[in-house]
Amino acid sequence: MSESPKKVIVGMSGGVDSSVSAWLLQQQGYQVEGLFMKNWEEDDGEEYCTAAADLADAQAVCDKLGIELHTVNFAAEYWDNVFELFLEEYKAGRTPNPDILCNKEIKFKAFLEFAAEDLGADYIATGHYVRRADVNGKSRLLRGLDGNKDQSYFLYTLGHEQIAQSLFPVGELEKPQVRKIAEDLGLVTAKKKDSTGICFIGERKFRDFLGRYLPAQPGKIITVDGDEIGEHQGLMYHTLGQRKGLGIGGTKDGSEDPWYVVDKDVENNVLIVAQGHEHPRLMSVGLIAQQLHWVDREPFTGTLRCTVKTRYRQTDIPCTINALDDDRIEVIFDEPVAAVTPGQSAVFYSGEVCLGGGIIEQRLPLTV
């Protein structure tokens, strides 16, 4: 008697990647069902329409593939475990990455538990562009095959146990192949553009959105030489390396170079700027990271040579990691790096393998 097929619950977002993931798993012989997560209580008509359209697209794809679609509301979990922390970080003058938190707390925790306990799933699956490989009895996280779409940066908090329970079907494909499969199948999501913006907050204007929850506090914009040249509307709206939206022109002492944010003085509510994207004040020789997560869940000790990304889509930076204590490491870059931003994540790699990462606590500036 043959074994019954393993049951997989696919996180259906209403996008093309999760749609094709569901079909690929069907082809591989799994018993597939979909799940649409509602993680935000809409407070305006436009956002409600977007969420409703995504649900309708997810339902249409599931109908086409002949699979059941479940819906679940994780809005309370999202607010408590993602959004409140996100606001706290902004208040402290840092720039958090809520997509990483959302994957940690919602997609690979709340969703994983719900799928296993309430729906009897053997696995969950998502449309992330990553791969998994089992080495010495532990699941490893690998970069997606499509280097342009690789999303391992956003999944570094996952442990080997979570990866072992997760499938990533499109991680073995390139994006154009995924779109072609969707077109050939006649899926409504085939030509739908990729979502941008904060995970579940969607496409709405970020500045307007943040202003609803945190009161803006205008303050001075000063140059690295101490000259006051403008006013900012709130430090939370600015991040290191930012060029647009400063509201100041380009010329000073004959230089036409644009202004960039090089530092934030949170205590005095001052934004510090300099001209040129390679200004020494913007460069760092390394960083201190905390809140570490290693995929193999083994504590890190000693020293390691590897590469690091300090933001998504960045070219890998060769570096040396030194353990400071149980939950802090020092990272020294081989070459100075621009716009290393506290609150963002530093994610480490050995070749194709994502080792883990941590939150950038402070940068080690090239010039003090």
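Cβ atoms are placed via backbone N, Cα and C, with glycine included.
What Swiss-Prot lists as active site, nucleophile is Cys102. Residues or ranges marked as active site, cysteine persulfide intermediate by Swiss-Prot: Cys199. Residues or ranges marked as ATP binding site by Swiss-Prot on the basis of sequence analysis: Gly11, Met12, Ser13, Gly14, Gly15, Val16, Asp17, Ser18, Met37, Gly127. Summarising the annotation, Swiss-Prot assigns disulfide bond to Cys102-Cys199 and lists sequence analysis as the type of evidence. Sequence annotations record features per position, and here Swiss-Prot assigns site 'Interaction with tRNA' to His128, Gln344 based on sequence analysis.
Per Cα geometry, His128 is the residue among the recorded positions Cys102, His128, Gln344 nearest to Gly15 (ATP binding site).
Comparing the Cα of Gly11 (ATP binding site) with the Cα of every entry in Cys102, His128, Gln344, these being the recorded positions, the smallest distance points to His128. Look at Ser13 (ATP binding site): DSSP puts it in coil.
In this structure, Met37 (ATP binding site) is part of a beta strand by DSSP. Once Cβ contacts within 10 Å are tallied over all protein chains shown, the binding-site residues Gly11, Gly15 are led by Gly11. Taking the Cα of Gln344 (site 'Interaction with tRNA') as the reference point, the closest of the recorded positions Ser13, Asp17, Met37, Cys102, His128 is Cys102. The Cβ neighbour count for Asp17 (ATP binding site), using a 10 Å radius over every protein chain in view, is 26. In sequence order, the recorded positions near His128 (site 'Interaction with tRNA') (Cα within 10 Å of its Cα) are Asp17, drawn from Ser13, Asp17, Met37, Cys102. Other Cβ atoms within 10 Å of the Cβ of Met37 (ATP binding site) number 24 in total over all chains.
The two recorded residues, Met37 (ATP binding site) and Cys102 (active site, nucleophile), have Cα atoms 12 Å apart. Sequence-distant neighbours of Ser13 (ATP binding site) (same chain, 6+ residues apart, CB-CB distance under 8 A): Phe36, Asp54, Ala58, Gly127, Ser195. There are 23 other CB atoms within 10 A of the CB of Gln344 (site 'Interaction with tRNA'), with all protein chains counted. In this entry, Gly11, Met12, Ser13, Gly14, Gly15, Val16, Asp17, Ser18, Met37, Gly127 make up the residues listed for ATP, with the farthest two CA atoms of the set 16 Å from each other.
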